[in-house]
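A.B. asks: This is the structure I have questions about; it appears just below.
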Amino acid sequence: MARIRSSSSSSKFRYCNPSYYLKRPKRLALLLILFVSASSFVWDRQTLVREHEFEVSKLNDEVRRLQNMLEEFTNRVPANVPIEMQRREKVKEAMIHAWSAYEKYAWGNDELLPQTQSGENSFGGLGATIIDSLDTLLIMGLDEQFQKAREVVGGLLSTYDLSGDNIFLEKARDIADRLLPAWDTPSGIPYNIIDLAHGNAHNPGWTGGDSILADSGTEQLEFIALSQRTGDPKYQEKVEKAIVALNKTFPADGLVPIYVNPNDGTAYGTITFGAMGDSFYEYLLKAWIQGNKTSSVKPYRDMWETSMKGLVSLIRRSSPSSFAYICEKTRETLTDKMDELACFAPGMLALGSSGYGKVEAKKILSLAEELAWTCYNFYQSTHTKLSGENYLFNPGRDMSVGTTWNILRPETVESLFYLWRLTGNVTYQEWGWNIFQAFEKNCRIESGYVGLTDVNLALKDNKMQTFFLAETLKYLYLLFSPPTVIPLDEWVFNTEAHPLRIVNRNDNIAGSERQHKPTVGLQGRKTGRFGGN
């Protein structure tokens, strides 16, 4: 049976039949108009999209070009400006950033906590960052910042030596007078903790009542200088009595354990050039330099040379790369561990090498350079290119980071500064610049600088240590400054990098030669504005 097509079904498709429009010209014209309009609209939209994409691409190219120009301008060294000056200015800018953050968020407090943008009084509320930073501000020519700091608190002796302003001498004397009771012990070895308000002195309980070696032999420069500047011998007498006491039991290898009995001067515990031992050895050398290397201070030099023989006995070399490192020693057992703190030793050795004969001086300087290479590799061995707190050495593995934090310490750049000054080798400047860039990349935040809790994971802590401004940035700035800025034949840096003028020792400060002559005898640690005058 034939199927009949419905009229409604047929009508649905008539608009798709060309013959429908051929019979109706007006509708055909309307359809053409609609088609052309739709095509034009789609074409215009596609054209606009293409033009927009082209414009966006051009703008992106322009942004990249401007960024490249800015980077090139920032990093470019003009032909008439030495690269050292460019780098010095960047370190100065880092100091301004750190100081401004402290001034904004922690003014008057001891330290800045950058992450929480607050202050902390970890040194009893003395304004430690201000005191520690005064001479850095002076050396860098940051006069406005220095004057504001001066209005708050007096600084230390180096600021007096640099500025000639008596307020700093008066404040130094006031602080020293408050410290003096710490030396009132049977041996003259000072207690390490004192209440500055009441003069009560004692040692921390965790030492068993003993004093720490580094604390016991690390006031000599400042107190001797204070006696020289004031004419009052009592400061020098106190600190030299401690050296006399230590010398009575001074070992044949010159290596003194870190715990010292304040009653009789006997010592026990670990021997280390790292934490709790470091600056004792540094000050033996620097007391000799401070006294202008005259015969009156030769006993300090003699003790130091004895200790350096002991240091050499602790040197080992890693495998396979033969990195030289300084072991720690407990009784007769050596531990293959070296603190970053011990990285002051290359600079110390380089500084003291000139006091030896030609052959021995060359050996000591060579050892200093080897140790500096090791310390630089403490930085290069981590993901952030910043050093951990200490390193372990194992056969076939060279070095591995032990304690993983970095708290912006200065010791390695300190040694690079000395080695550059004393050898003229610009390699040490390049190493220092690499370390500075690593600090900038990993430790700089909007509100200052922070340390790292892990140098491989780049995890940040929440403290800007005072010594970052006082020491780390200062040594970096001087690393790129002419040797006439704080010349080493006129100045000696204490262990906190504060420079003191070198003067001949006057052991008749108050007219009593018998009282003030050094009694240390032998038994078998930091185009110039302050250039020479």
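Cβ coordinates are placed from backbone N, Cα and C, and glycine is handled just like the others.
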A.B. asks: So, in TrEMBL, which cysteine from Cys327, Cys375 is disulfide-paired with Cys343?
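C.D. replies: Between Cys343 and the options Cys327, Cys375, TrEMBL records the bond with Cys375.
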A.B. asks: What range among 49-76, 385-412, 497-524 does TrEMBL record as coiled coil?
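C.D. replies: In TrEMBL, residues 49-76 carry the label coiled coil.
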A.B. asks: At the level of the C-alpha atoms, what whole-angstrom distance separates Cys343 (disulfide bond) and Thr495 (Ca(2+) binding site)?
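C.D. replies: That separation, Cα to Cα, works out to 13 Å.
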A.B. asks: What's the CA-CA gap between Thr495 (Ca(2+) binding site) and Cys375 (disulfide bond) in angstrom, rounded?
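C.D. replies: Computed Cα spacing between Thr495 (Ca(2+) binding site) and Cys375 (disulfide bond) is 18 Å.
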A.B. asks: Give the sequence-ordered list of residues that share a chain with Cys375 (disulfide bond), lie 6 or more positions from it, and have CB atoms under 8 Å from its CB.
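C.D. replies: Once residues fewer than 6 apart are set aside, Cys375 (disulfide bond) is near Glu340, Cys343, Pro346, Ser387, Glu411, Thr412, Ser415.
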